[in-house]
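As annotated by Swiss-Prot, domain 'PAS' applies to 41-70. Summarising the annotation, Swiss-Prot assigns phosphoserine to Ser174, Ser238, Ser319, Ser891, Ser894. The region 'Disordered' annotation in Swiss-Prot covers 194-216, 870-915. What Swiss-Prot records for 413-433, 450-470, 495-515, 522-542, 550-570, 642-662 is transmembrane segment. The annotation N-linked glycosylation site is assigned in Swiss-Prot to Asn600 on the grounds of sequence analysis. The intramembrane segment feature in Swiss-Prot is assigned to 615-635; the stated evidence is sequence analysis. Sequence annotations record features per position, and here Swiss-Prot assigns motif 'Selectivity filter' to 627-632. Annotation comment: Swiss-Prot describes 745-845 as region 'cNMP-binding domain', evidence class sequence analysis. Sequence annotations record features per position, and here Swiss-Prot assigns coiled coil to 1027-1054.
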Amino acid sequence: MPVRRGHVAPQNTFLGTIIRKFEGQNKKFIIANARVQNCAIIYCNDGFCEMTGFSRPDVMQKPCTCDFLHGPETKRHDIAQIAQALLGSEERKVEVTYYHKNGSTFICNTHIIPVKNQEGVAMMFIINFEYVTDEENAATPERVNPILPVKTVNRKLFGFKFPGLRVLTYRKQSLPQEDPDVVVIDSSKHSDDSVAMKHFKSPTKESCSPSEADDTKALIQPSQCSPLVNISGPLDHSSPKRQWDRLYPDMLQSSSQLTHSRSRESLCSIRRASSVHDIEGFSVHPKNIFRDRHASEDNGRNVKGPFNHIKSSLLGSTSDSNLNKYSTINKIPQLTLNFSDVKTEKKNTSPPSSDKTIIAPKVKERTHNVTEKVTQVLSLGADVLPEYKLQTPRINKFTILHYSPFKAVWDWLILLLVIYTAIFTPYSAAFLLNDREEQKRRECGYSCSPLNVVDLIVDIMFIIDILINFRTTYVNQNEEVVSDPAKIAIHYFKGWFLIDMVAAIPFDLLIFGSGSDETTTLIGLLKTARLLRLVRVARKLDRYSEYGAAVLMLLMCIFALIAHWLACIWYAIGNVERPYLTDKIGWLDSLGTQIGKRYNDSDSSSGPSIKDKYVTALYFTFSSLTSVGFGNVSPNTNSEKIFSICVMLIGSLMYASIFGNVSAIIQRLYSGTARYHMQMLRVKEFIRFHQIPNPLRQRLEEYFQHAWTYTNGIDMNMVLKGFPECLQADICLHLNQTLLQNCKAFRGASKGCLRALAMKFKTTHAPPGDTLVHCGDVLTALYFLSRGSIEILKDDIVVAILGKNDIFGEMVHLYAKPGKSNADVRALTYCDLHKIQREDLLEVLDMYPEFSDHFLTNLELTFNLRHESAKSQSVNDSEGDTGKLRRRRLSFESEGEKDFSKENSANDADDSTDTIRRYQSSKKHFEERKSRSSSFISSIDDEQKPLFLGTVDSTPRMVKATRLHGEETMPHSGRIHTEKRSHSCRDITDTHSWEREPARAQPEECSPSGLQRAAWGVSETESDLTYGEVEQRLDLLQEQLNRLESQMTTDIQAILQLLQKQTTVVPPAYSMVTAGAEYQRPILRLLRTSHPRASIKTDRSFSPSSQCPEFLDLEKSKLQSKESLSSGRRLNTASEDNLTSLLKQDSDASSELDPRQRKTYLHPIRHPSLPDSSLSTVGILGLHRHVSDPGLPGK
């Protein structure tokens, strides 16, 4: 595998560094963004929450002046001093009285420290809070020293006039002699809940006129300006609100020196300039206009006026002496200024801003260095404060990155030297120390032996490697690259330093010169210490553990190396024993006899050569390790036999461990490695196919490598699927145990509920710089941050920094539909997040209602990502969808009417034969569709049920009105195509067209009633429904659909029964065919029920002709009665007798027609089915008659 670079990807470690440095010292601090208005709080630690009693969601996005901690006893000049430090971007420490959430007070030292980015621009503020004990208060008689005098100069005021407000007055007094830092300002009535600040209007010429120069004499005194108006406590504080003037005796003690003046109404205040750039903005010329120092945040606080004789050398001072010396900053009332640069060319006016505003200063003015005192107080170490940016690890000079190319090449070189040491050290110790030729070479000097020179070079290389290891970075447990030399040295001392040091000592060089046997043996033993360098190889083995071929090759090399070592030992045993053996039975003597090179005691050079000895020894060890040997080289002495036994034992273990696992190694070669390379190949193919650009390509590859290192290629979902569900729940509960225990919302849940929640949680790993949620994304999940830190940005402005145990998303129980994100969420470091889908969470809460209330009450989002207008917009969208749905229905019906009128106009010229043919085809279609009417009923929405029932009920009456006159169609103004409408139970468009044809005269009848429209509005616009309410409404809707289906089934059965009774048909009145004499028209009966649905009014006689006015009146009345049935109204029943008499007359006249004409029509009867009709009376309800209606009397 390549060198792991995932650990060293650029990441923002700002939050982690601050927490690590502060939490260990039990600090209580907040972090504020200096580039936004009010310097909003974007992070607070747990110590601050415990100190104040406020939770983190309560503190986030509040101004860093901590207005919510202010109360009646909070000094205004202390608050103003904090505002001064924030405006000037300078470090300062102020003692302030704050209030707990429960209303109790505590005194706290507030320490403001600016944090800069790589350009030296202060991007954030760290505000640290320290308790002040009673002993410290007693030891400090005065927190602020009196003001030193300043020279009297012709100085003019910066006047801010508020003509609509009541202000305080002051009296002209003499000006002190020394105070070069003072800027005198007239302010309005103080805000009672914030350091910041009312809208300041641009000063006028009168406010900066020379006539006000003498007014400054009364302003600068050791005393404070006495408040002469009642100022209420902070609006947002939880403690009882009292009058501030009762709690400010120190502000009333100087009333004798500062009295009222009736001629002027203003309040004096003193502001200390924060930097030299502030003073550069002031000019002597009265026409100088000040430009807003922060171009992106114009807030309308432009100040102008003369200002001179100010010592810039004393400005921006942050030492304790200067803070105490120039103590007039404690006298500032609750207001904020935005000093601007001088610009004489033109005048820039900015729109007014909000009340609470602290304007971020200009970039170049935020270059104050953090003083040594700040570093001592915070104990931050050498790096003082981290920089808020995506940064690669800071590398000190002469420090080598552990993943650099040089280090990789050096490691391979050292590995080769280790292999050389492992091979030649045993060989030199066993074969060369007692060799006569080697002894002669040593006599001429250490450099005569080439092997000694190589050993010396190797020793030097290892010593250099030790020095390099002292300057090589490493990755700690937090996956951070450590480059501090001191930390590297400590880490190396605790690790491999001792082994490397012993292996690098050149022992043979240290004891060179003594030729005794004891020295020779000692040198041989000490040289074996170099074999400890092989431990370096173990450091690299895990990198190649995924490559089966590399592991197999490595094991084979280990096997050969062990055989080499054993061969050296085998020779050493025989060489040591040979002089003491009298019978010469050792394996060396046997070897000399076999190859014809016998030993001669008188000749030291006799016997086998070194090559023969080494090859024979190596042959013996290999044969013994792999088998029991062949016997040509055999042990003869006891020592040799014991060693042979040990070799056989080692051989059996080596053979079983190496060669027995060859198959497993090969399988791993095609398992883990195959998975890694296959996944990597997929990534590369994806990059190639989609032509991913290089920056994004590098991110993909680095994330894949890091994720593989992080999970070792294990898919947790696949692993969990192999276990039973109960075991999966236990595993998930263990994996999410920290989250479920630390989050307050999950406390008190039952074990079953926790198991269900754990099963729904998914773990997400995000690299630094990755955007988890984009602005505008649908919030489908709730996120819990378990490791790392993230930032939330709105328009590329950091609004919050979240760390461990923070929660972000939306309150899922408050909205029926998921909202959209209002910000981007981006990872600063490697993050682990637990997320649960919205539907899964609601499902669990629905299953455990007793836990639901507790969860929804205690769930506190650190940052709510839901857009502000999402809720109202969802309601408007639902209402708009309802209107669109209705418009689509109306337009669809109108199109159907147009097509229907066209068909009717085309059918006006059809003869009776075509009419009969269309009727027969329509009957077949009706028979085919009637069986499917139930499915149509079940698909109709509950809101459309009254409309549908009215339509079905009105259809038979329209057919009857048409057939009473033997007409197929009505006149052009209101005709209906009967053969297409009589059987259209399944087509809702046709069903609506039945109702809309006569509705042209009465448009209000086409739409549902007001009650129905109200029901539609409730069901379609009410979006804030819970899951249980939706289930209940669906159940009610299903019950209503079932009842409707049963009613329709009964209606269809009645229709089929009526169709079966009809055996004869009668031709219409205009037909030339006459009915037979035997035919007698049946009399129509009108069956009256207890609740009559409708009645038809008829006041005129009728003519069978379509041109007769009486006929048209009857048809009109019929259609009106149909519409009344559709809308559910009740009509009079007085006309039923009239209709019955008319029908009897019609039946008498029909006897003169030809019987053949009776067969031309056979119209099906539609049974009315109203919503309130019961099953018992549905069979006899309404008007029943046979189909044939040849005409009326008088034809």
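Note that the numbers count up from 1, one per residue, in the order the chain is shown.
Quick reminder: no glycine exception, Cβ is built from N, Cα and C everywhere.
Keep in mind that this is a model prediction, so the values were computed, not measured.
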**Report entry** Closest-packing stretch to the transmembrane segment (450-470), where packing means Cβ pairs under 8 Å, from 413-433, 550-570, 642-662
**Finding:** 413-433
Query raised in the report: What residues in the same chain, six or more past the boundaries of the motif 'Selectivity filter' (627-632), come closer than 8 Å to it by Cβ-Cβ distance?
Result: 594, 620, 644, 648, 651
Query raised in the report: Roughly where does the domain 'PAS' (41-70) sit in mean pLDDT, to the nearest integer?
Result: 90
Requested in this report: For the intramembrane segment (615-635), find every same-chain residue at least 6 residues outside the stretch whose CB is under 8 Å from a CB in it, and list them.
Outcome: 559, 562-564, 566-568, 570-571, 587, 590-591, 594, 608, 641, 643-644, 647-648, 650-651, 654-655
Query raised in the report: Taking DSSP states H, G and I as helix and E and B as strand, how many residues of the motif 'Selectivity filter' (627-632) are helix, strand and coil?
Result: 0 helix, 0 strand, 6 coil
Query raised in the report: How would DSSP class Asn600 (N-linked glycosylation site) in three states?
Result: strand
